[in-house]
């Protein structure tokens with residue numbers, strides 16, 4: 001038995017000239033070659049579509065994050081309604097990107113391309129649910145989100161990166177549905193933004209919002225515990241982060257309830273931030 005080196009392949013026993021002669025003898029118009037060329041064209045088309053969807057998903061993620069950053073200014077802005085109106089304009093721009101995704105998926109099985117668009121949809125759910133909570137102090141449903149993702153043909157001229165064939169086959173209306181898993185993952189990420197909203201509210205002297213957030217996060221956490229380990233792996237993995245956010249908000253409520261009267265309002269945020277860092281260190285050691 002030889003040690004090291006590569007094993008000699010079977011076709012290496014044939015002279016190089018003979019292999020070249022066999023390639024030259026292949027009939028390019030044969031049924032077999034025609035089939036393989038058809039497969040090649042189909043795979044290349046699908047790969048190009050996948051890459052376009054990845055790029056659109058990245059754009060959706062970026063614009064959704066910018067909307068979330070804008071909404072965090074709500075607690076400190078003199079006119080919060082202007083922030084909400086501006087965020088609605090940004091979300092409309094995000095929905096136009098989602099419309100392009102829906103047009104790319106006309107006639108396709110969405111789940112074959114789900115991995116490409118899932119990160120963007122999760123970030124959009126996080127942004128739109130954050131805005132909805134600020135407006136209504138409640139959680140937006142997946143049905144309400146999907147209602148906003150039904151598009152009409154009047155915006156057709158805004159479509160980009162579409163082939164002429166798919167453009168001709170466009171229906172008058174089309175939609176893209178957020179899957180239950182994407183919705184749950186987006187809501188799980190929302191809890192982190194609500195925790196940051198609690199910190200900024202305490203810093204602005206608002207002692208009511210943290211208690212509202214605590215009850216709201218507790219309800220979300222209880223809902224996720226019903227799913228537990230029976231749901232998708234990504235959802236159960238988010239449960240730990242959700243529990244951390246809930247613990248930090250409840251710690252803020254405890255600080256406000258027990259020591260709120262003895263600590264000046266402008267120092268509450270500093271005390272809360274210090275306690276939050278201690279919690280993080282303890283969880284890191286455990």
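The backbone N, Cα and C atoms fix where each Cβ goes, and this holds for glycine too.
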Can you dig out which of the ranges 1-29, 30-58 TrEMBL describes as region 'Disordered'? 1-29
For residue 126 (Mg(2+) binding site), which residues of its chain lie six or more apart in sequence with Cβ-Cβ distance below 8 Å? 64, 68, 186, 187, 189, 190, 193
